[in-house]
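Taken verbatim from TrEMBL:
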SIGNAL    1-22  signal peptide
TRANSMEM  110-132  transmembrane segment
TRANSMEM  144-161  transmembrane segment
TRANSMEM  173-197  transmembrane segment
TRANSMEM  227-249  transmembrane segment
TRANSMEM  298-318  transmembrane segment
TRANSMEM  348-371  transmembrane segment
TRANSMEM  386-408  transmembrane segment
Amino acid sequence: MEKCYLMTALVLLGLTVRWTVSLNSYSGAGKPPMFGDYEAQRHWQEITINLPIKQWYFNGSDNNLQYWGLDYPPLTAYHSLLCAYVAKFINPDWIALHTSRGYESQAHKLFMRATVLIADLLIYIPAVVLYCCCLKEISTKKKIANALCILLYPGLILIDYGHFQYNSVSLGFALWGVLGVSYDWDLLGSLAFCLAINYKQMELYHSLPFFCFLLGKCFKKGLKGKGFVLLIKLACTVVASFILCWLPFFTEREQTLQVLRRLFPVDRGLFEDKVANIWCTFSVFLKIRDILPHHIQIMISFCFTFLSLLPTCIKLTLHPSPKGFKFTLVSCALSFFLFSFQVHEKSILLVSLPVCLVLREIPFMSTWFLLVSTFSMLPLLLKDELLMPSVVTVMAFFIACATSFSIFEKTSEEELQLKSFSISVRKYFPCFTFLPRIIRHLYVGLLLPWPLPQSTGSGRAGPAAMAHGPSRSAACGIFPDRGMNPCPLHQQVDSQPLCHQGSPEGHSFDSETSNLFIFIFIIT
């Protein structure tokens, strides 16, 4: 009974935090002509209730696809239609065709925020509570603490209740799917995950772990007996759920193709805005989007994504387990986020959900990742004037995790589950030991613009220290085979490194210092 009271109080706390954030600004508030995601969701309600289904995804006089055209799967459209019926009952002006474009009012904002809260309360929050209650081998207090941290994750709250989206619906369905397949409710789990994909196509980030885990279960039971029967049941469940969701769009071939074109718009580019993935980071040095053709970008991103997620998927297929399934979800979602085509900053939420599921196993790394994932969306949050709610929710989440899991006490190699990784690195990648030296030389030679000092008679760096110019320092020590002098940083003067002759404290430019520079450089 006490557990029920605590869980109820926890849910009320989560709802309070969500509603408090919803009182702030939203995407595109008062910014015509396109406004933002808030207007996109309102516009989809306008389209779905005023136009026949066959026109929802097609460009026309009443449906300008350049103005927030519908680009999510049918289940999102059905949800918009349901919300539109309620909106029409309250105030038809909110969803009037054409004339409601850019509609903003406090009453309408209250309605839109309420739709997010209700969807969250019906789908996502029950899944979180049930998942934490089903955790084994931990006390009731730990289960409640785990639920508290997941419900207070700031990234999802800020995007859904600040920026304005319905990510909790697709993530909630995905979590119901995780619950189902983890506890041998395989058909229900498959159905729930199919609903997640049919609500947002980005749930494909999680599709391979589901497929490999269920396939591994079939292999384990034997494909000549129960395993084959399970495989047939799963296939029928998936096909039936997709047919039901897509049935209105199967009437004509062009309808189906148009929906698919809207769901996967390859012309949008490799990434959007300031997304914290490999391609956006690499574009700082080389503008891939301007150099390579579109189809080459797609091929490269596909190859990198596939190769990066392949090892964990193979292992999960051969050795299926609920724990391995959760970690494979993290790995595959992160592979998609880092390497796949057409990624935007909000896609990090698809990685954050499975990370929330392993909070108990690796609390320190999970907390760190979830904080960084929220920080990675800072440009978007600043654009929406959500800095203050971001700071408050991040602090609340950090305090909850620090007090619930003692994250700073479980940081050994074994507790972080990095021992096998470090052994593999030491065994298979000894050639990478030269990388710190190369990066150190690059940092010293290319990133430090100041000329290097020369020795004076007193052992201090004097005016003659300006003898070497930047051009020489850039080349020194990096290409020794070309006959260049060794880097002055490694020359010895009075038994001390030359670059530290001017240091009053006499500290040396040791490997720890250089590694710190390397770490800062990589993080930046």
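All positions are counted from 1 along the displayed chain.
Note that Cβ sites are derived from N, Cα and C of the backbone, with glycine treated the same way.
Ranking 110-132, 144-161, 173-197 by CB pairs under 8 A with the transmembrane segment (386-408) puts 144-161 at the top. Tertiary proximity for the transmembrane segment (227-249) is limited to same-chain residues at least six positions away from its ends with a CB under 8 Å from its CB atoms, namely 53-54, 57, 73-75, 186-187, 190-191, 194-195, 198, 214-215, 217-221, 255-256, 259. Through the fold, the transmembrane segment (298-318) approaches residues 208-209, 212-213, 215-216, 219, 266, 270, 278-279, 292, 324-325, 327-328, 331-332, 335-336, 338-341 of its own chain, all at least 6 residues removed from its boundaries and within a Cβ separation under 8 Å. If you look at the transmembrane segment (144-161), the same-chain residues 6 or more away from its ends with a CB under 8 A from one of its CBs are 3, 6-7, 10-11, 13-14, 17-19, 21-22, 113, 116-117, 120, 125, 128-129, 131-133, 135, 138, 167-168, 171, 346, 348-349, 352, 356, 359-360, 367, 370, 373-374, 377, 381, 386, 389-390, 393-394, 396-397, 400-401, 404-405. Long-range contacts of the transmembrane segment (110-132) within its own chain (CB-CB distance under 8 A, at least 6 residues past either end) are made by residues 7, 10-11, 14-15, 18-19, 22, 38, 41-42, 79, 83, 86-87, 90, 94, 143-144, 146-147, 150-151, 160-161, 164-166, 168-169, 171-173, 175-176, 178-179, 357. Long-range contacts of the transmembrane segment (348-371) within its own chain (CB-CB distance under 8 A, at least 6 residues past either end) are made by residues 131, 135, 138, 142, 146, 149-150, 153-156, 159, 167, 171, 174-175, 178, 202-203, 205-206, 276, 323, 326-327, 329-330, 333-334, 336-337, 377, 394, 397-398, 401-402, 404-408, 410-411, 415-417.
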